[in-house]
Amino acid sequence: MTAVLFENVSRHFGAVRAVDSVNLAIAEGEFFAMLGPSGSGKTTCLRLMAGFEQPTGGHIEIFGETAEGVPPYRRNVNTVFQDYALFPHLSILENVAYGLMVRGIAKAERLKAAENALAMVKLPGYGSRRPGQLSGGQRQRVALARALVNRPRVLLLDEPLGALDLKLREQMQEELKALQKSLGITFVFVTHDQGEALSMADRIAVFNEGRVQQLGTPEDVYKRPQTRFVADFVGSSNVLAPSFVHSLGYPARYASLRPEALALGEGGSNARRFSGTVVATSFLGATNRLTVEAAGTRIAAMLPASAAVPPQGTGVTLSFAAEDLHLMDEAA
Amino acid sequence: MRSDRSSAPMSLKITAAAGLLFMHLPILLIFVYAFTTEEKSYQFPPPGFTLNWLAVAWNRPDVWAALSLSVRVASIATAVALVLGTLCAAAVSQTRFFGREAISLLVILPIALPGIITGIALRSAFSFADIPFSFWTIVLGHATFCVVVVYNNAVARFRRISGSMIEASMDLGADGFQTFRYVILPNIGTALLAGGMLAFALSFDEVIVTTFTAGQQQTLPIWMLEELVRPRQRPVTNVVAMVVVLVTFLPILAAYYLTREGDQIAGAGK
(Lines of atoms letter the chains of each structure in order from A and count residues from 1; the text may use other names and numbers.)
(Lines give C-alpha, C1' and ligand atoms only; values in the text may rest on other atoms or scores of the structure.)
Protein backbone atom coordinates (compact mmCIF):
# COMPACT_ATOMS: atom_id res chain seq x y z
CA MET A 1 0.00 0.00 0.00
CA THR A 2 1.13 3.52 -0.73
CA ALA A 3 1.78 5.43 2.48
CA VAL A 4 2.32 8.89 1.01
CA LEU A 5 1.40 9.90 -2.51
CA PHE A 6 2.35 13.21 -4.16
CA GLU A 7 0.77 13.96 -7.52
CA ASN A 8 2.24 17.02 -9.25
CA VAL A 9 2.47 18.76 -5.89
CA SER A 10 3.65 22.36 -5.90
CA ARG A 11 4.16 24.84 -3.11
CA HIS A 12 4.97 28.34 -4.29
CA PHE A 13 5.77 31.24 -1.99
CA GLY A 14 5.06 34.21 -4.23
CA ALA A 15 7.50 33.84 -7.12
CA VAL A 16 9.60 31.23 -5.29
CA ARG A 17 8.84 27.68 -6.34
CA ALA A 18 9.86 25.88 -3.16
CA VAL A 19 8.27 22.68 -4.43
CA ASP A 20 7.56 22.37 -8.12
CA SER A 21 5.45 19.53 -9.57
CA VAL A 22 6.77 16.78 -7.35
CA ASN A 23 5.60 13.19 -7.81
CA LEU A 24 6.32 10.68 -5.08
CA ALA A 25 4.91 7.34 -4.02
CA ILE A 26 6.29 6.20 -0.69
CA ALA A 27 5.45 2.59 0.12
CA GLU A 28 4.20 1.40 3.49
CA GLY A 29 7.05 0.30 5.77
CA GLU A 30 9.65 2.01 3.64
CA PHE A 31 12.63 3.98 4.95
CA PHE A 32 12.51 6.88 2.53
CA ALA A 33 15.08 9.68 2.30
CA MET A 34 14.64 13.11 0.77
CA LEU A 35 18.14 14.32 -0.01
CA GLY A 36 19.20 17.70 -1.27
CA PRO A 37 21.03 20.91 -0.50
CA SER A 38 19.35 23.58 1.63
CA GLY A 39 16.58 25.34 -0.24
CA SER A 40 15.97 22.36 -2.51
CA GLY A 41 12.39 21.84 -1.32
CA LYS A 42 12.90 18.67 0.70
CA THR A 43 11.85 20.20 4.02
CA THR A 44 8.82 21.86 2.42
CA CYS A 45 7.79 18.43 1.14
CA LEU A 46 8.05 17.09 4.68
CA ARG A 47 5.96 20.00 5.98
CA LEU A 48 3.37 19.28 3.30
CA MET A 49 3.14 15.72 4.60
CA ALA A 50 2.87 16.92 8.22
CA GLY A 51 0.22 19.48 7.30
CA PHE A 52 2.15 22.62 8.28
CA GLU A 53 2.02 23.72 4.66
CA GLN A 54 -0.75 23.40 2.12
CA PRO A 55 0.07 22.74 -1.52
CA THR A 56 -0.63 25.49 -4.05
CA GLY A 57 -1.19 22.81 -6.67
CA GLY A 58 -1.44 19.05 -7.05
CA HIS A 59 -2.80 16.33 -4.81
CA ILE A 60 -1.51 14.62 -1.66
CA GLU A 61 -2.76 11.35 -0.22
CA ILE A 62 -1.76 9.70 3.04
CA PHE A 63 -2.81 6.05 3.14
CA GLY A 64 -5.36 6.67 0.43
CA GLU A 65 -6.98 9.67 2.13
CA THR A 66 -6.82 13.14 0.68
CA ALA A 67 -4.54 15.28 2.85
CA GLU A 68 -5.19 18.76 1.49
CA GLY A 69 -6.98 20.90 4.06
CA VAL A 70 -6.54 18.34 6.84
CA PRO A 71 -4.86 20.10 9.81
CA PRO A 72 -1.72 18.57 11.40
CA TYR A 73 -3.65 17.44 14.48
CA ARG A 74 -5.97 15.24 12.41
CA ARG A 75 -3.22 13.41 10.53
CA ASN A 76 -1.90 10.07 11.63
CA VAL A 77 1.59 11.37 11.05
CA ASN A 78 4.15 12.54 13.60
CA THR A 79 7.28 14.59 13.23
CA VAL A 80 10.71 14.63 14.85
CA PHE A 81 11.78 18.25 14.54
CA GLN A 82 15.25 19.41 13.65
CA ASP A 83 15.53 21.41 16.90
CA TYR A 84 13.55 18.65 18.70
CA ALA A 85 11.00 21.26 19.87
CA LEU A 86 10.60 19.71 23.31
CA PHE A 87 8.33 21.63 25.68
CA PRO A 88 10.64 23.28 28.24
CA HIS A 89 7.92 23.66 30.88
CA LEU A 90 7.10 19.94 30.97
CA SER A 91 9.08 17.01 32.34
CA ILE A 92 10.46 14.42 29.91
CA LEU A 93 7.66 12.02 30.79
CA GLU A 94 5.00 14.70 30.27
CA ASN A 95 6.64 15.63 26.98
CA VAL A 96 6.40 12.06 25.75
CA ALA A 97 2.85 11.67 27.04
CA TYR A 98 1.69 14.97 25.48
CA GLY A 99 0.14 13.44 22.37
CA LEU A 100 -1.84 10.96 24.46
CA MET A 101 -2.83 13.66 26.95
CA VAL A 102 -4.43 15.94 24.35
CA ARG A 103 -6.26 12.92 23.00
CA GLY A 104 -7.79 12.33 26.43
CA ILE A 105 -6.06 9.07 27.37
CA ALA A 106 -6.27 8.43 31.13
CA LYS A 107 -3.28 9.60 33.12
CA ALA A 108 -2.06 6.24 34.40
CA GLU A 109 -2.32 4.70 30.97
CA ARG A 110 -0.53 7.50 29.13
CA LEU A 111 2.31 7.71 31.65
CA LYS A 112 2.84 3.97 31.34
CA ALA A 113 2.94 4.22 27.55
CA ALA A 114 5.38 7.12 27.84
CA GLU A 115 7.63 5.08 30.15
CA ASN A 116 7.64 2.27 27.60
CA ALA A 117 8.47 4.67 24.79
CA LEU A 118 11.37 6.07 26.80
CA ALA A 119 12.64 2.55 27.40
CA MET A 120 12.40 1.90 23.66
CA VAL A 121 14.74 4.81 22.93
CA LYS A 122 17.05 3.66 25.74
CA LEU A 123 16.23 6.43 28.20
CA PRO A 124 14.40 4.54 30.95
CA GLY A 125 14.11 6.46 34.21
CA TYR A 126 14.73 9.87 32.63
CA GLY A 127 11.05 10.81 32.88
CA SER A 128 11.29 13.23 35.81
CA ARG A 129 14.01 15.40 34.26
CA ARG A 130 13.48 18.55 32.28
CA PRO A 131 14.54 18.98 28.63
CA GLY A 132 17.19 21.51 29.71
CA GLN A 133 18.95 18.83 31.75
CA LEU A 134 19.51 16.46 28.82
CA SER A 135 22.26 16.37 26.21
CA GLY A 136 21.54 16.92 22.52
CA GLY A 137 21.56 13.20 21.79
CA GLN A 138 19.21 12.46 24.68
CA ARG A 139 16.80 15.20 23.61
CA GLN A 140 16.77 13.68 20.17
CA ARG A 141 15.73 10.34 21.64
CA VAL A 142 13.00 12.03 23.66
CA ALA A 143 11.69 13.71 20.51
CA LEU A 144 11.65 10.30 18.85
CA ALA A 145 9.80 8.71 21.78
CA ARG A 146 7.31 11.59 21.88
CA ALA A 147 6.45 11.00 18.24
CA LEU A 148 6.41 7.18 18.33
CA VAL A 149 4.25 6.88 21.43
CA ASN A 150 1.31 8.03 19.29
CA ARG A 151 1.82 5.05 16.96
CA PRO A 152 1.86 7.13 13.78
CA ARG A 153 1.50 5.40 10.44
CA VAL A 154 4.21 7.67 9.03
CA LEU A 155 7.08 9.15 11.01
CA LEU A 156 8.63 12.28 9.55
CA LEU A 157 12.19 13.17 10.55
CA ASP A 158 13.59 16.60 9.70
CA GLU A 159 17.42 16.41 9.64
CA PRO A 160 17.16 14.20 12.74
CA LEU A 161 20.89 13.75 13.18
CA GLY A 162 22.03 17.16 11.97
CA ALA A 163 22.89 18.56 15.38
CA LEU A 164 24.76 15.51 16.70
CA ASP A 165 28.49 14.90 16.58
CA LEU A 166 29.92 12.31 14.20
CA LYS A 167 30.23 9.40 16.61
CA LEU A 168 26.71 9.82 17.99
CA ARG A 169 25.37 10.30 14.48
CA GLU A 170 26.71 6.95 13.30
CA GLN A 171 25.30 5.23 16.36
CA MET A 172 21.88 6.87 15.89
CA GLN A 173 21.85 5.92 12.21
CA GLU A 174 22.05 2.26 13.16
CA GLU A 175 19.52 2.62 15.96
CA LEU A 176 17.03 4.44 13.76
CA LYS A 177 17.34 1.79 11.11
CA ALA A 178 16.86 -1.00 13.65
CA LEU A 179 13.90 0.82 15.22
CA GLN A 180 12.24 1.29 11.84
CA LYS A 181 12.70 -2.41 11.02
CA SER A 182 11.22 -3.57 14.32
CA LEU A 183 8.27 -1.15 14.29
CA GLY A 184 7.49 -1.49 10.59
CA ILE A 185 6.41 2.18 10.46
CA THR A 186 7.04 4.19 7.31
CA PHE A 187 9.94 6.58 7.98
CA VAL A 188 10.40 9.64 5.79
CA PHE A 189 13.52 11.59 6.61
CA VAL A 190 15.07 14.72 5.26
CA THR A 191 18.82 15.15 5.08
CA HIS A 192 21.50 17.06 3.25
CA ASP A 193 24.08 14.38 4.06
CA GLN A 194 24.35 11.95 1.17
CA GLY A 195 26.26 9.44 3.31
CA GLU A 196 23.36 9.33 5.76
CA ALA A 197 20.83 8.88 2.98
CA LEU A 198 22.86 6.17 1.26
CA SER A 199 23.46 4.16 4.42
CA MET A 200 19.96 4.35 5.92
CA ALA A 201 17.35 4.62 3.23
CA ASP A 202 15.57 1.98 1.18
CA ARG A 203 14.96 4.60 -1.49
CA ILE A 204 16.19 8.13 -2.01
CA ALA A 205 14.62 11.11 -3.73
CA VAL A 206 17.29 13.63 -4.69
CA PHE A 207 15.93 17.19 -4.64
CA ASN A 208 17.22 20.29 -6.34
CA GLU A 209 15.46 23.61 -6.89
CA GLY A 210 12.08 22.26 -5.85
CA ARG A 211 12.13 19.26 -8.13
CA VAL A 212 12.94 15.59 -7.73
CA GLN A 213 16.05 15.00 -9.79
CA GLN A 214 16.14 11.27 -9.30
CA LEU A 215 14.28 8.67 -7.29
CA GLY A 216 15.77 5.26 -6.71
CA THR A 217 17.62 2.88 -4.44
CA PRO A 218 20.88 4.14 -2.90
CA GLU A 219 22.80 1.99 -5.38
CA ASP A 220 20.87 3.43 -8.33
CA VAL A 221 21.42 6.98 -7.25
CA TYR A 222 25.06 6.44 -6.47
CA LYS A 223 26.08 4.36 -9.47
CA ARG A 224 23.67 5.52 -12.13
CA PRO A 225 23.00 9.24 -11.60
CA GLN A 226 20.58 10.60 -14.16
CA THR A 227 21.60 14.23 -14.02
CA ARG A 228 24.81 16.16 -13.54
CA PHE A 229 23.44 17.51 -10.28
CA VAL A 230 22.89 14.04 -8.82
CA ALA A 231 26.31 12.85 -9.98
CA ASP A 232 27.95 15.81 -8.32
CA PHE A 233 25.84 15.95 -5.14
CA VAL A 234 25.73 12.25 -4.29
CA GLY A 235 29.34 11.41 -3.56
CA SER A 236 31.16 13.92 -5.77
CA SER A 237 31.47 11.98 -8.98
CA ASN A 238 33.44 13.28 -11.97
CA VAL A 239 31.02 14.85 -14.40
CA LEU A 240 32.43 14.60 -17.92
CA ALA A 241 31.43 16.90 -20.77
CA PRO A 242 29.95 15.33 -23.95
CA SER A 243 33.05 16.11 -26.07
CA PHE A 244 35.36 14.37 -23.61
CA VAL A 245 33.00 11.41 -23.32
CA HIS A 246 32.95 11.20 -27.13
CA SER A 247 36.77 11.14 -27.26
CA LEU A 248 36.72 8.08 -25.01
CA GLY A 249 34.59 6.23 -27.53
CA TYR A 250 31.06 6.79 -26.16
CA PRO A 251 28.09 8.74 -27.56
CA ALA A 252 28.44 12.51 -27.03
CA ARG A 253 26.48 12.85 -23.77
CA TYR A 254 27.20 13.93 -20.21
CA ALA A 255 28.61 11.08 -18.17
CA SER A 256 29.64 10.39 -14.60
CA LEU A 257 32.74 8.53 -13.56
CA ARG A 258 33.37 7.60 -9.92
CA PRO A 259 36.84 8.60 -8.64
CA GLU A 260 37.32 5.11 -7.19
CA ALA A 261 36.71 3.50 -10.63
CA LEU A 262 39.95 5.00 -11.95
CA ALA A 263 43.36 3.31 -11.73
CA LEU A 264 46.87 4.30 -12.76
CA GLY A 265 48.26 2.62 -15.88
CA GLU A 266 47.00 1.14 -19.14
CA GLY A 267 44.58 -1.32 -17.57
CA GLY A 268 43.27 -4.50 -19.24
CA SER A 269 42.36 -5.08 -22.87
CA ASN A 270 38.75 -3.88 -22.58
CA ALA A 271 39.63 -0.88 -20.38
CA ARG A 272 39.22 2.71 -21.54
CA ARG A 273 42.10 5.08 -20.91
CA PHE A 274 43.17 8.69 -21.20
CA SER A 275 46.34 10.67 -20.46
CA GLY A 276 46.76 13.82 -18.46
CA THR A 277 48.95 15.77 -16.07
CA VAL A 278 48.85 15.50 -12.28
CA VAL A 279 47.82 18.90 -10.89
CA ALA A 280 47.26 18.02 -7.23
CA THR A 281 47.57 15.16 -4.77
CA SER A 282 46.25 14.75 -1.27
CA PHE A 283 46.55 12.06 1.35
CA LEU A 284 43.17 11.01 2.83
CA GLY A 285 44.26 8.16 5.09
CA ALA A 286 42.94 5.00 3.46
CA THR A 287 43.26 6.51 0.00
CA ASN A 288 45.19 9.07 -2.00
CA ARG A 289 43.31 11.59 -4.05
CA LEU A 290 44.86 12.50 -7.37
CA THR A 291 43.60 15.36 -9.52
CA VAL A 292 44.51 14.98 -13.17
CA GLU A 293 43.93 17.46 -15.97
CA ALA A 294 43.13 15.82 -19.29
CA ALA A 295 41.93 17.73 -22.38
CA GLY A 296 41.02 20.72 -20.22
CA THR A 297 38.91 18.66 -17.78
CA ARG A 298 39.85 18.12 -14.16
CA ILE A 299 39.27 14.57 -13.06
CA ALA A 300 39.62 13.19 -9.54
CA ALA A 301 40.88 9.66 -8.93
CA MET A 302 40.96 7.73 -5.65
CA LEU A 303 43.97 5.45 -5.43
CA PRO A 304 44.73 2.96 -2.68
CA ALA A 305 47.22 4.33 -0.16
CA SER A 306 49.57 1.46 -1.00
CA ALA A 307 50.07 2.68 -4.58
CA ALA A 308 52.94 5.08 -5.29
CA VAL A 309 51.71 8.62 -5.90
CA PRO A 310 53.16 10.34 -8.97
CA PRO A 311 54.43 13.83 -8.12
CA GLN A 312 52.68 16.97 -9.28
CA GLY A 313 53.38 17.89 -12.93
CA THR A 314 54.09 14.38 -14.22
CA GLY A 315 52.17 12.89 -17.14
CA VAL A 316 50.05 9.86 -16.24
CA THR A 317 47.68 7.48 -17.95
CA LEU A 318 44.46 6.59 -16.13
CA SER A 319 42.22 3.70 -17.04
CA PHE A 320 38.80 2.39 -16.03
CA ALA A 321 36.54 -0.53 -16.92
CA ALA A 322 34.25 0.43 -19.80
CA GLU A 323 31.06 -0.28 -17.84
CA ASP A 324 32.06 2.04 -14.97
CA LEU A 325 31.37 5.14 -17.02
CA HIS A 326 27.71 6.02 -16.67
CA LEU A 327 26.06 7.98 -19.47
CA MET A 328 23.41 10.37 -18.19
CA ASP A 329 19.97 10.96 -19.67
CA GLU A 330 20.59 14.67 -19.66
CA ALA A 331 21.29 15.84 -23.22
CA ALA A 332 24.34 17.89 -24.14
CA MET B 1 27.97 41.67 37.15
CA ARG B 2 28.98 42.10 40.73
CA SER B 3 32.49 43.11 41.59
CA ASP B 4 33.58 41.84 44.96
CA ARG B 5 37.21 42.86 44.56
CA SER B 6 37.12 46.45 45.71
CA SER B 7 34.46 48.46 47.50
CA ALA B 8 33.28 51.82 46.18
CA PRO B 9 34.91 55.01 47.53
CA MET B 10 33.30 56.57 50.60
CA SER B 11 32.17 59.66 48.69
CA LEU B 12 30.19 57.53 46.23
CA LYS B 13 28.58 55.60 49.07
CA ILE B 14 27.46 58.81 50.76
CA THR B 15 26.06 60.24 47.54
CA ALA B 16 24.17 57.04 46.81
CA ALA B 17 22.75 56.95 50.33
CA ALA B 18 21.71 60.59 50.08
CA GLY B 19 20.02 59.94 46.75
CA LEU B 20 18.07 57.00 48.13
CA LEU B 21 17.03 58.95 51.22
CA PHE B 22 15.89 61.86 49.08
CA MET B 23 13.66 59.53 47.11
CA HIS B 24 12.24 57.52 49.97
CA LEU B 25 12.06 59.77 53.03
CA PRO B 26 9.01 61.67 51.75
CA ILE B 27 7.18 58.34 51.48
CA LEU B 28 8.02 57.61 55.10
CA LEU B 29 6.74 61.06 56.05
CA ILE B 30 3.39 60.20 54.49
CA PHE B 31 3.23 57.19 56.78
CA VAL B 32 4.21 59.30 59.79
CA TYR B 33 1.51 61.93 59.20
CA ALA B 34 -1.14 59.24 58.89
CA PHE B 35 -0.83 58.88 62.65
CA THR B 36 -0.50 62.50 63.77
CA THR B 37 -2.93 64.21 66.12
CA GLU B 38 -2.65 67.53 64.30
CA GLU B 39 -5.32 67.76 61.60
CA LYS B 40 -4.73 71.06 59.77
CA SER B 41 -1.00 71.36 59.10
CA TYR B 42 2.01 69.07 58.69
CA GLN B 43 3.73 70.03 61.91
CA PHE B 44 7.06 68.41 62.66
CA PRO B 45 7.63 66.60 64.86
CA PRO B 46 4.02 65.40 65.07
CA PRO B 47 2.54 66.52 68.38
CA GLY B 48 1.04 63.11 69.14
CA PHE B 49 0.29 59.62 67.92
CA THR B 50 -3.22 58.37 67.15
CA LEU B 51 -4.89 55.55 65.23
CA ASN B 52 -8.03 57.62 65.05
CA TRP B 53 -7.61 58.57 61.37
CA LEU B 54 -7.82 54.96 60.29
CA ALA B 55 -11.30 54.83 61.76
CA VAL B 56 -12.25 58.20 60.29
CA ALA B 57 -11.08 57.15 56.83
CA TRP B 58 -12.92 53.87 57.19
CA ASN B 59 -16.20 55.69 57.86
CA ARG B 60 -15.97 58.23 55.04
CA PRO B 61 -18.21 57.17 52.11
CA ASP B 62 -16.32 59.35 49.60
CA VAL B 63 -13.13 57.35 50.30
CA TRP B 64 -14.95 54.13 49.61
CA ALA B 65 -16.55 55.46 46.45
CA ALA B 66 -13.21 56.60 45.07
CA LEU B 67 -11.44 53.40 46.09
CA SER B 68 -14.10 51.18 44.58
CA LEU B 69 -14.11 53.18 41.32
CA SER B 70 -10.32 52.91 41.08
CA VAL B 71 -10.34 49.18 41.73
CA ARG B 72 -13.08 48.58 39.18
CA VAL B 73 -11.41 50.73 36.54
CA ALA B 74 -8.01 49.12 37.13
CA SER B 75 -9.49 45.61 37.03
CA ILE B 76 -11.38 46.08 33.79
CA ALA B 77 -8.59 48.06 32.10
CA THR B 78 -6.18 45.27 33.07
CA ALA B 79 -8.52 42.59 31.76
CA VAL B 80 -8.91 44.43 28.45
CA ALA B 81 -5.14 44.92 28.28
CA LEU B 82 -4.46 41.23 28.98
CA VAL B 83 -6.63 40.10 26.08
CA LEU B 84 -5.56 42.73 23.56
CA GLY B 85 -1.92 42.85 24.62
CA THR B 86 -1.54 39.07 24.38
CA LEU B 87 -3.22 38.88 20.99
CA CYS B 88 -1.09 41.71 19.68
CA ALA B 89 2.13 40.19 21.06
CA ALA B 90 1.24 36.84 19.49
CA ALA B 91 0.64 38.44 16.10
CA VAL B 92 3.79 40.52 16.15
CA SER B 93 6.12 37.79 17.39
CA GLN B 94 4.78 34.71 15.64
CA THR B 95 3.89 35.93 12.17
CA ARG B 96 5.37 38.13 9.51
CA PHE B 97 3.18 40.65 7.77
CA PHE B 98 3.44 43.99 6.07
CA GLY B 99 3.75 46.84 8.60
CA ARG B 100 4.63 44.60 11.51
CA GLU B 101 7.34 46.90 12.84
CA ALA B 102 5.08 49.93 12.47
CA ILE B 103 2.32 48.24 14.47
CA SER B 104 4.80 47.25 17.15
CA LEU B 105 5.83 50.91 17.44
CA LEU B 106 2.25 52.20 17.43
CA VAL B 107 1.33 49.89 20.29
CA ILE B 108 4.20 51.14 22.43
CA LEU B 109 3.60 54.80 21.58
CA PRO B 110 0.94 55.61 24.22
CA ILE B 111 3.40 54.98 27.03
CA ALA B 112 6.12 57.02 25.35
CA LEU B 113 3.79 59.95 24.71
CA PRO B 114 3.19 62.35 27.61
CA GLY B 115 -0.03 61.40 29.39
CA ILE B 116 -1.37 64.84 28.72
CA ILE B 117 -1.25 64.22 24.96
CA THR B 118 -3.09 60.91 25.35
CA GLY B 119 -5.56 62.68 27.63
CA ILE B 120 -6.29 65.58 25.28
CA ALA B 121 -6.47 63.27 22.27
CA LEU B 122 -8.97 60.99 23.98
CA ARG B 123 -11.02 63.87 25.35
CA SER B 124 -11.39 65.51 21.94
CA ALA B 125 -12.10 62.13 20.36
CA PHE B 126 -14.85 61.44 22.91
CA SER B 127 -16.49 64.82 22.44
CA PHE B 128 -16.12 64.56 18.68
CA ALA B 129 -17.88 61.19 18.71
CA ASP B 130 -20.45 62.47 21.22
CA ILE B 131 -19.53 59.89 23.82
CA PRO B 132 -20.53 61.08 27.29
CA PHE B 133 -17.88 60.75 29.99
CA SER B 134 -18.49 57.72 32.12
CA PHE B 135 -16.86 54.80 33.86
CA TRP B 136 -16.10 53.33 30.43
CA THR B 137 -14.27 56.37 29.11
CA ILE B 138 -11.89 56.13 32.09
CA VAL B 139 -11.40 52.42 31.40
CA LEU B 140 -10.70 53.18 27.75
CA GLY B 141 -8.16 55.85 28.65
CA HIS B 142 -6.35 53.55 31.05
CA ALA B 143 -6.41 50.63 28.64
CA THR B 144 -4.29 52.61 26.16
CA PHE B 145 -1.23 52.38 28.38
CA CYS B 146 -2.14 49.14 30.15
CA VAL B 147 -2.08 47.32 26.79
CA VAL B 148 1.51 48.47 26.29
CA VAL B 149 2.67 47.04 29.59
CA VAL B 150 1.09 43.66 28.93
CA TYR B 151 2.28 43.69 25.32
CA ASN B 152 5.87 44.45 26.29
CA ASN B 153 5.95 41.64 28.83
CA ALA B 154 4.23 39.12 26.59
CA VAL B 155 6.14 39.88 23.39
CA ALA B 156 9.50 39.18 25.04
CA ARG B 157 8.25 35.81 26.23
CA PHE B 158 6.54 34.97 22.94
CA ARG B 159 9.83 35.48 21.10
CA ARG B 160 11.30 32.63 23.13
CA ILE B 161 8.58 30.18 22.11
CA SER B 162 9.98 28.67 18.95
CA GLY B 163 7.60 28.22 16.06
CA SER B 164 8.43 24.54 16.01
CA MET B 165 7.16 24.14 19.58
CA ILE B 166 3.70 25.21 18.49
CA GLU B 167 3.95 23.02 15.40
CA ALA B 168 5.09 20.11 17.57
CA SER B 169 1.98 20.52 19.69
CA MET B 170 -0.29 20.52 16.63
CA ASP B 171 1.65 17.60 15.21
CA LEU B 172 1.01 15.61 18.39
CA GLY B 173 -2.72 16.07 18.00
CA ALA B 174 -3.50 19.27 19.89
CA ASP B 175 -5.85 21.73 18.20
CA GLY B 176 -5.39 25.50 18.46
CA PHE B 177 -7.17 25.79 21.80
CA GLN B 178 -5.26 22.91 23.39
CA THR B 179 -1.98 24.28 22.08
CA PHE B 180 -2.76 27.63 23.68
CA ARG B 181 -3.75 26.04 26.95
CA TYR B 182 -0.96 23.47 27.32
CA VAL B 183 1.99 25.05 25.51
CA ILE B 184 1.59 28.80 25.05
CA LEU B 185 -0.10 29.74 28.32
CA PRO B 186 2.37 27.92 30.61
CA ASN B 187 5.21 29.64 28.79
CA ILE B 188 3.80 33.17 28.90
CA GLY B 189 1.81 32.81 32.14
CA THR B 190 4.23 34.53 34.48
CA ALA B 191 4.83 37.30 31.92
CA LEU B 192 1.08 37.90 31.73
CA LEU B 193 0.77 37.92 35.51
CA ALA B 194 3.62 40.41 35.79
CA GLY B 195 2.26 42.57 32.97
CA GLY B 196 -1.22 42.44 34.46
CA MET B 197 -0.03 43.49 37.90
CA LEU B 198 2.01 46.31 36.48
CA ALA B 199 -0.94 47.45 34.39
CA PHE B 200 -3.18 47.35 37.46
CA ALA B 201 -0.71 49.41 39.47
CA LEU B 202 -0.31 51.97 36.68
CA SER B 203 -4.05 52.34 36.27
CA PHE B 204 -4.64 52.52 40.00
CA ASP B 205 -2.58 55.69 40.54
CA GLU B 206 -3.08 57.36 37.16
CA VAL B 207 -4.03 61.05 37.33
CA ILE B 208 -3.41 62.83 34.05
CA VAL B 209 -5.31 60.70 31.54
CA THR B 210 -8.06 60.23 34.14
CA THR B 211 -8.47 63.99 34.53
CA PHE B 212 -9.25 64.25 30.85
CA THR B 213 -11.47 61.19 30.49
CA ALA B 214 -13.50 61.21 33.71
CA GLY B 215 -16.63 63.23 34.13
CA GLN B 216 -17.79 63.99 37.66
CA GLN B 217 -16.44 60.74 39.04
CA GLN B 218 -13.38 60.65 41.22
CA THR B 219 -10.85 57.88 41.14
CA LEU B 220 -8.71 57.56 44.21
CA PRO B 221 -5.77 59.71 43.00
CA ILE B 222 -8.13 62.46 41.83
CA TRP B 223 -9.94 62.34 45.14
CA MET B 224 -6.61 62.77 46.95
CA LEU B 225 -5.68 65.74 44.82
CA GLU B 226 -8.99 67.40 45.67
CA GLU B 227 -8.60 66.55 49.30
CA LEU B 228 -5.20 68.24 49.59
CA VAL B 229 -6.77 71.55 48.63
CA ARG B 230 -9.28 71.38 51.46
CA PRO B 231 -7.46 71.17 54.79
CA ARG B 232 -10.17 69.23 56.63
CA GLN B 233 -9.18 65.95 58.28
CA ARG B 234 -5.89 66.06 56.42
CA PRO B 235 -4.40 62.85 57.84
CA VAL B 236 -7.22 60.91 56.14
CA THR B 237 -5.42 61.58 52.87
CA ASN B 238 -2.27 60.14 54.37
CA VAL B 239 -4.06 57.03 55.50
CA VAL B 240 -5.43 56.55 52.00
CA ALA B 241 -2.01 57.30 50.48
CA MET B 242 -0.53 54.62 52.68
CA VAL B 243 -3.10 52.15 51.41
CA VAL B 244 -2.32 53.14 47.82
CA VAL B 245 1.39 52.58 48.38
CA LEU B 246 0.71 49.11 49.73
CA VAL B 247 -1.82 48.25 47.04
CA THR B 248 0.53 49.26 44.21
CA PHE B 249 3.85 48.32 45.76
CA LEU B 250 3.03 44.71 46.58
CA PRO B 251 1.91 43.74 43.05
CA ILE B 252 4.95 45.43 41.51
CA LEU B 253 7.25 43.60 43.90
CA ALA B 254 5.49 40.32 43.08
CA ALA B 255 5.74 41.06 39.35
CA TYR B 256 9.45 41.70 39.71
CA TYR B 257 10.08 38.36 41.36
CA LEU B 258 7.78 36.47 39.03
CA THR B 259 9.46 37.67 35.85
CA ARG B 260 12.88 37.03 37.33
CA GLU B 261 11.94 33.46 38.08
CA GLY B 262 10.44 33.11 34.61
CA ASP B 263 13.75 34.09 33.07
CA GLN B 264 15.44 31.29 34.90
CA ILE B 265 12.90 28.74 33.78
CA ALA B 266 13.15 29.81 30.18
CA GLY B 267 16.91 29.94 30.34
CA ALA B 268 17.05 26.36 31.54
CA GLY B 269 15.41 25.17 28.36
CA LYS B 270 18.28 26.27 26.17
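Cβ atoms here come from the backbone N, Cα and C positions, even for glycine.
Since this is a predicted model, take the numbers as computed values, not measurements.
Taking Cβ pairs closer than 8 Å, the transmembrane segment (B:12-35) reaches residues 42, 46, 49-51, 53-54, 234-235, 238-239, 241-242, 245 in its own chain, all 6 or more past its ends. The transmembrane segment feature in TrEMBL is assigned to B:12-35 (among others).
Proximity of distant same-chain residues to the transmembrane segment (B:63-90), defined by a Cβ-Cβ separation under 8 Å and at least 6 residues beyond the stretch ends, is recorded for 57, 103, 107, 135, 138-139, 142-143, 146-151, 153-155, 158, 184, 188, 192, 195-196, 199-200, 203-204, 217-223, 236, 240, 243. The transmembrane segment annotation in TrEMBL covers B:63-90 (among others).
Residues annotated as domain 'ABC transmembrane type-1' in TrEMBL: B:67-255.
Here the transmembrane segment (B:102-122) has Cβ contacts under 8 Å with residues 88, 91-92, 137, 140-141, 144-145, 147-149, 151-152, 155, 206, 208-209, 211-213 of the same chain, all six or more residues outside its ends. Look at TrEMBL and you will find B:102-122 (among others) tagged as transmembrane segment.
Tertiary proximity for the transmembrane segment (B:134-158) is limited to same-chain residues at least six positions away from its ends with a CB under 8 Å from its CB atoms, namely 69, 72-74, 76-78, 80-82, 84-86, 88-90, 92-94, 104, 107-108, 110-111, 115, 118-119, 122, 126, 187-188, 190-192, 194-196, 198-200, 202-203, 206, 209-210, 212-215, 217, 219, 259, 262, 266. According to TrEMBL, the transmembrane segment annotation covers B:134-158 (among others).
The transmembrane segment annotation in TrEMBL covers B:179-202 (among others).
Positions annotated as transmembrane segment by TrEMBL: B:239-258 (among others). Note on the transmembrane segment (B:239-258): residues 27, 30-31, 34, 53-54, 56-57, 63, 67, 190, 193-195, 197-198, 200-201, 204-205, 220-221, 223-224 of its chain, located 6 or more positions outside it, place their CB under 8 angstroms from a CB of the stretch.
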